[in-house]
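**Student:** Checked TrEMBL, it gives:
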- B:6-29: transmembrane segment (TRANSMEM)
- B:76-99: transmembrane segment (TRANSMEM)
- B:119-141: transmembrane segment (TRANSMEM)
- B:162-184: transmembrane segment (TRANSMEM)
- B:190-211: transmembrane segment (TRANSMEM)
- B:248-270: transmembrane segment (TRANSMEM)
- B:290-313: transmembrane segment (TRANSMEM)
- B:333-350: transmembrane segment (TRANSMEM)
- B:356-373: transmembrane segment (TRANSMEM)
Amino acid sequence: MTFQTYDCLQMLPIILLSLSGIALLFLGFQKSRALLLPATLLFLVIAFVANFLDWGKTYMYFRDMLLVNNLAMIFTGVVLLSTFMVVSLSGSLADDEDAQPAEYYAILLFSLVGAIMMIGFENLIMLFVGVEILSVAMYILTGSDKRNLRSNEAALKYFLMGAFATGILLFGIALLYGATGSFVLSGIGNYAHSATNAGGSMLLFYVGMFMLLIGMLFKVSAAPFHFWTPDVYDGAPSLFTAYMSTVVKTAGFAALLRILSVSFSGVYDFWWVAMAVVTVLTLLIGNITAVYQASFKRMMAYSSISHAGYLLIGLVGLSQASKPAIAFYSLAYSLSTIAAFGVLMLVARNRPLNAAVFGDQTTLARTDEHYDAFNGLARKNPLLGFVMAVSMLSLAGIPLTAGFWGKFMVFSAAADRGAVWLLVVAVLMSAVGIYYYFRVVIAMYFREGQTDTIRVAPFYRIVLIAATVLTLALGLLPNLFQGLI
Amino acid sequence: MELTVLVIKSLVILAVFGITLLIATYSTYAERKVAAFLQDRIGPNRAGPFGLLQPIADAGKMFFKEDFIPAQANKWLFILGPCLAMLTALMSSAVIPFGDSIRYGSFEVPVQGIDVNVGVLYVFGVVSLGVYGVMIGGWASNNKFSLLGAIRAASQNISYEVALGLSIIAILMMTGSLSLRHIVNEQNGFFQWNVFTQPLGFVIFLTCAFAECNRTPFDLPECETELVGGYHTEYSSMKLGFYLFAEYINMFTSSAIISTLYFGGFQYPFMHQVHDALVDSLGSTVGHNIATGIGTAVLFGKIFFFIFFFMWVRWTIPRFRFDQLMNLGWKTLIPLSILNVVLTGAGLLFDKFKYATWLIVIVMIIMAATNAIKAPRRKPVTVPQL
Amino acid sequence: MEGFFMAFYRMGWHRTAANYVRFIANLRSFLSLLSMNTASYLPSDYIPIFIQLSLALGFIVVTMLVTHNIGPKRHSVKKDDPFECGIPTQGDARAPISIKYFLVAILFVLFDVEVIFMYPWAVNFMQLGQEGFIQMVLFMGLLLAGFYYVIRKGVLKWE
């Protein structure tokens, strides 16, 4: 058993985040909650800086358990940035009597550890551990609004479905191990290459591979494994919905990308049709169902499904180009989603639903998250209107926003593989997307509504502006980011 | 496995089984006698000379009582509960080494049901199943008192199991084996007994053993003043008998394990000299077997002492309150046993020094002494003159 | 339309379809593999445990049967009720109980798993040496940090 201090010091983000999570738990014992938010942000910044210390090098850590290279660092950076933004939108937690901000922040940091493991895993055990850390944290956060029945229901649904999916994932890992005799990604990849050339039955391997993929596709909410998504995203507090739809998705796709490109690239011919079918289904279901939603938050849930579809296109057209494409797409998607949820939280907070209207107690803690809530928003709050509009444009993939380039890169990766019909579906669905994304913009700018000027905390404002500026900057100069990889 | 060896083993198991039951039966008698002695009474003296037939009379009475099952109870779980409690109690003695070995012809068979290399884990595995018996029985009775008793029993047992498991770890670190026989062989020589190398571990283990057996001062699950009869309120006949019997068998097993782990098992001072002398005078087979017999007798002496100790404590110390019980288990025993492990490890790494945990004991004694000195003297109570 | 199919062909759809067919065909051999009797290897060392188990089971079953059949049987409505100190029974005992017990149970699971982690370490303590010791102290440190948190949160507070 060798214990190299070298090993430990280089793998900083995981260790730092774990320790700072524990530190936050203890900070929570203090009477004042004022210190929690800045401390969390500070820890995230430290982790972010530590993450990029190794820039340009490739290391294997913990006896070949985790790999750190530039791509992993980029993904980790995206995840940390998204978390930073989500956390900085959580200022109101400190005033909420029922909330336990110290625990929430600590859980967020712990779940980031899981996300980073999913990004850089070299061993399937690490993948499983990462998925579990992230998922269990999400189950808790989904149910964190304890007085709200919808939140409880969402947490229970998420937990039950997630537990099933994890079981399938683990089963897949076990079968893969049985077929290949290895947990290591490259070992499995070698087996796939040599076994396809040698011929003979690879049944165990294929079953294992599909079970693993199903488990992972569940986590990124791709159809037909998406059924939990709308209820869970809708029921969870908006803050954690934002986190779930960005960080969890990014980590899930990073993991899928890793395992597909390292282990399963040798059997590409075998899985690509299945993945293409999943992609088309995801695109169709996500986009078309989103059209029929009356609630903005629920629309965002379906939108996140549809974006999973776009990201899947990058996986179907697996090539060297799809790695930066998926990273860029994740970043663009995360930025605009967080900005949109940031505005939604502000708008919704000012419009608590009247319990008497609905006549039942369960809606007591609910706020109005319908499209109507945005009516006339831009008149009194031009900043919020602009932020929302830009993020909607970016999500819809309109040029001059980051979302456009994200879609462009992903599509071109698929086009290289000649999957033209897939692109036709994707472009059609993007057109559908424009419809429901623009409903908000129309509501904000062209509808009459009674909105007051919404007071925005300075830091909150800065984060929203930063997200918008980044979205535009990446839209104008996509090479800024691409040059990194 | 050779058939002869298997036959001898079966005989050993049968003997151990019989002895276990016999000792458990006579523990009830002993308990009443000890109680009587401590409370200055006479105790059972009607059935047979000195009341020696009393346990048999009790067993007969139990058999002929009505086998009662409440209408609201879950019938099969109600029956399963005591059976499970009894089964786990009877199973746990399988791995205890009761003696060195028996020579028969060319065979050398250890006096032990089975010498597995995971003996300690086996004991813990089986013992921790015992709580199911109580839990199932208490729940199936569908009686509030039984339920409360069962839940208390469960939470108490699991709470003390953590400290129990932790206190053993120090011993495992010194011996490097999970086999109970190996642990006994390591305690070669009087001051090598683990009670001298692990004084704190011994105290923790003893306390936890009391709690695991639901013996006073940890007998809250069957606390008569609060819960009628605890988890066996609804039980009668031999089902009740099984619960009570299981408790006494557990007491025997715990005593045997304490003797094995901390008091050298079948070892005694000058054992090797005695063994050599016997082998020299009576031949290698007979002499060796007699030496083994002496070792077994010594082990049973130790076991009887601990059974007596169990009873002694029962009639001396009052019962804990539930919060006191939980605080003792979680906030005192667990941290102490972790400290014990760390200190033992440090001592072993530093020149294989085995007696490091005496440091904790000394510190604790000093602290207790200073506390006693600092504590304000109580004024003598003045009784008002009537 | 023909071009469409050609595109499929070029993308290797036919190969994949063939693979799926092979997959289905292999499913049968896979299932037959599952149902095959694997030679059950019984380490003979463990026979004594089964002897003891059968002895214990036999004792319990016989005792239960005997005691069930030789005792008297008398039923009545009042007698078959659960005992509640002589007053009429109120409901049954399928009522919720204090959450504290569940918390203790969960804590037990956590801590017992940690303790089980320490067993293999303890057995190999001498071989692992100083490095292993430092690692385990770190592990225990984290464990104790969590323990302290639990206590400060008042999980173990019984009033």
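Just so you know, glycine gets a Cβ as well, placed from its N, Cα and C.
Not measured: the values here are computed from a predicted model.
Have a look at these and tell me how they're positioned relative to everything else.
**Tutor:** Beyond its flanks by at least six residues, the transmembrane segment (B:6-29) meets 44, 51-52, 54-56, 58-59, 90, 93-94, 98, 102, 104, 107, 109, 111-114, 244-245, 248-249, 251-253, 303, 307 of its own chain at Cβ-Cβ distances under 8 Å.
Below 8 angstroms of C-beta separation, residues 12-13, 16-17, 20, 69-70, 110-116, 119, 122-123, 126-127, 129-130, 132-141, 180-181, 184, 232, 234-235, 239-240, 242-243, 245-247, 249-250, 252-253, 256-257, 260, 265-266, 292-293, 295-296, 299 of the same chain, each at least six residues beyond the ends of the transmembrane segment (B:76-99), sit close to that stretch.
Here the transmembrane segment (B:248-270) has Cβ contacts under 8 Å with residues 20-21, 23-25, 27-28, 86, 89-90, 92-93, 96-100, 111, 123, 127, 130, 168, 171, 180, 183-184, 187-190, 192-195, 198, 201-202, 205-206, 209, 212-213, 215, 292, 294-296, 298-299, 302-307, 309-310 of the same chain, all six or more residues outside its ends.
Same-chain residues lying 6 or more positions outside the transmembrane segment (B:333-350) and placing a CB less than 8 Å from one of its CB atoms are 160, 162-163, 166-167, 169-170, 173-174, 198, 200-201, 204, 207-208, 356-357, 359-360.
Counting same-chain residues at least six beyond the ends of the transmembrane segment (B:356-373), those with a Cβ under 8 angstroms from any Cβ of the stretch are 170, 197-201, 336, 339-340, 343-344, 346-348, 350.
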**Student:** Where else in the chain does the transmembrane segment (B:290-313) make close Cβ contacts, counting only residues six or more beyond its ends and a cut-off under 8 Å?
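**Tutor:** Beyond its ends, the transmembrane segment (B:290-313) has Cβ neighbours at 23, 27, 30-31, 34-35, 38, 98-102, 111, 210, 213, 215-217, 251-252, 254-256, 258-260, 263, 265-268, 271, 274-275, 278-279, 282.
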